[in-house]
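This report refers to the structure that appears directly beneath it.
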Amino acid sequence: MMSKLEKTHVTEAKFMLHGGDYNPDQWLDRPDILADDIKLMKLSHTNTFSVGIFAWSALEPEEGVYQFEWLDDIFEQIHSIGGRVILATPSGARPAWLSQTYPEVLRVNASRVKQLHGGRHNHCITSNAYREKTRHINRLLAERYGNHPALLMWHISNEYGGDCHCEQCQHAFREWLKSKYDNSLKTLNHAWWTPFWSHTFNDWSQIESPSPIGENGLHGLNLDWRRFVTDQTISFYENEIIPLKELTPDIPITTNFMADTPDLIPYQGLDYSKFAKHVDVISWDAYPVWHNDWESTADLAMKVGFINDLYRSLKQQPFLLMECTPSAVNWHNVNKAKRPGMNLLSSMQMIAHGSDSVLYFQYRKSRGSSEKLHGAVVDHDNSPKNRVFQEVAKVGETLERLSEVVGTKRPAETAILYDWENHWALEDAQGFAKATKRYPQTLQQHYRTFWEHDIPVDVITKEQDFSPYKLLIVPMLYLMSEGTISRLKAFTANGGTLVMTYISGIVNEHDLTYTGGWHPDLQAIFGIEPLETDTLYPKDRNAVSYRSQTYEMRDYATVIDVKTASAEAVYQEDFYARTPAVTSHQYQQGKAYFIGARLEDQFHRDFYKGLITDLSLSPVFLVRHGKGVSVQARQDQDHDYIFVMNFTEEKQLVTFDQSVKDMMTGDILSGDLTMEKYEVRIVVNTH
Ligand code: GLA
Ligand code: ZN
């Protein structure tokens, strides 16, 4: 068995990847620009380029007519300076001739309107014609570049997402359902609770994907559609990689995942916990809205930490930051420049949470079309004196000193559970309050205390192994299968500490409620039975008393019947005043806490501080600091690599109780250190 601290190199590179999307196909008539690109790569300390992402028209200008020479040159040029290529398959966007010849590749939206050619990320995920075309061009790419020494990795398509409602997809959905429900409409009708509103199906052909022109009201159908879209997208991806697996079995494969902004919550279009099993490496595109006018830099940094901890935990190995911007993006509501120092700080945060790369969108800024104003390494001025360019070069120089961090891990004893299916079902649920469900934001709230105390956290999904953790936090798990319940039971019985909250364990995997009360296993674990969930108006407040303090409560309250548990906190007002809001219960070797109400941050701080002490959860390496500084570590057998990051606009004092070496200067640091606004220090502690 691999030790927790054994390095995992996700690519053959033993250095940090730095570079990004490079689109020379936009500049083929400008050899002078292409020559500058290569010179500027050296000066920007970049080494890895994702090429060909939207290059189908340049590779196959007419059906069956190929032009690879320009790409051959790019490979050679990048190779000549010791750089590496992440080669993309071009399915993210297609040439006009392809849509014209094979109109079935055009996506049909949920209103059943076939989309015109144009844009990108808008193909049918079922179309055989598109699958064949994609497989063919991918084969040609693998044949031509599969043995090129510069080839590092495959980048499949781009940001897969969205659904298609065409007849091919409807057919595929019905086939998927037949296989899921053993060809039995009776089973399906039961699972979807179709007698409701007389929705019983008596022929498979009556089943249609969800549509805004006639809401079906069948939550089970909606949930299955989303599952199908994930499976069908994975199937599209699997089709893309057939020739790559065959011709280049040793080249790792990724596809770039996303997050939904501005809160950086997991992307909702696909269940990445399923997709993760099909890629060799997780990579994702991070576009936090830095310097915004509604939250502190530290609050946003906490959210960035959370999403990174989720994406890293999907495969429990380092991941890649596939895209970010060196300065502004072009699609936020306000596209503010990253302030001096922020590119380095935000880049190092990604490395600290487990990335082995800092890759940007894009290397050279486009001259026209929708991305001509998006931040890039090389701006329209083409100048290495550009501020953004120089800050990129600084990131590159920093990364060059971090090669020994590549492959290192971030073992954690605390896990928070996130589930895509639960998120979908909860959003779809008609009930509670539209504006305040905030499932992933609730997870971030539970994550916050650990982030503030620099305690490593894995954000895991329901099928992952719970046993490595001392503490498992499961907020708002509305949808819980019997399987998940029994795994949570085993975790607690074997000595784990489990924390669960309001709105948990209400429906099963079909979105059918449990009947006859809360699931008996949950009752056994927690020693309680939730009787009612009260939903408040956003402005309503109540309070709970916990260890002689009062904490503000809002949005949700569970009325609890305590059986064998102890009350930890009680409500102060309303018809459930003086009844328990938070409970604890010894269950076999473990302990189970139920937080019945949505409480303010300070409650979580105080509550989790108790658990942190009880369970001896600690940072990898203690650095004392004030609010807004984050200390995150990666480890191997002999070293702790510690990233000390000031996410505030003020100077901050940090204190090292033990001496460490600064990886940039080689200086030995101990005692107090003053950090400037946005400063980051990377230090190593050798065991
Ligand atoms: C996405 C895409 C890129 C580019 C960037 C701009 O992440 O993958 O092609 O459009 O956004 O931020
Ligand atoms: Zn389709």
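Positions of Cβ are set from backbone N, Cα and C atoms, glycine also.
Of the residues ARG112, ARG120, ARG364, ARG367, TrEMBL places ARG120 in the same substrate site as ASN158, TRP331. Of the listed binding-site residues, namely CYS124, CYS164, CYS166, the sparsest Cβ surroundings within 10 Å are found at CYS166. Here the CA atom of TRP331 (substrate binding site) lies 30 Å from the CA atom of CYS169 (Zn(2+) binding site). If you average pLDDT over the domain 'Beta-galactosidase trimerisation' (412-617) in this model, you get 98. For ligand 2, the nearby binding-site residues are CYS124, CYS164, CYS166, CYS169; that is, of CYS124, CYS164, CYS166, CYS169, TRP331, these have a C-beta under 6 Å from one of its atoms. In this structure, ASN158, GLU159, GLU323 are the recorded positions from ARG120, ASN158, GLU159, CYS166, CYS169, GLU323 whose C-beta falls under 6 Å of some atom of ligand 1. Taking all protein chains in view, 20 other C-beta atoms sit within 10 angstroms of the C-beta of GLU159 (active site, proton donor). There are 23 other Cβ atoms within 10 Å of the Cβ belonging to ASN158 (substrate binding site). Long-range Cβ neighbours of TRP331 (substrate binding site) (same chain, at least 6 residues apart, Cβ-Cβ under 8 Å): HIS374.
With respect to their backbone Cα atoms, CYS166 (Zn(2+) binding site) and ARG120 (substrate binding site) stand 17 Å from each other.
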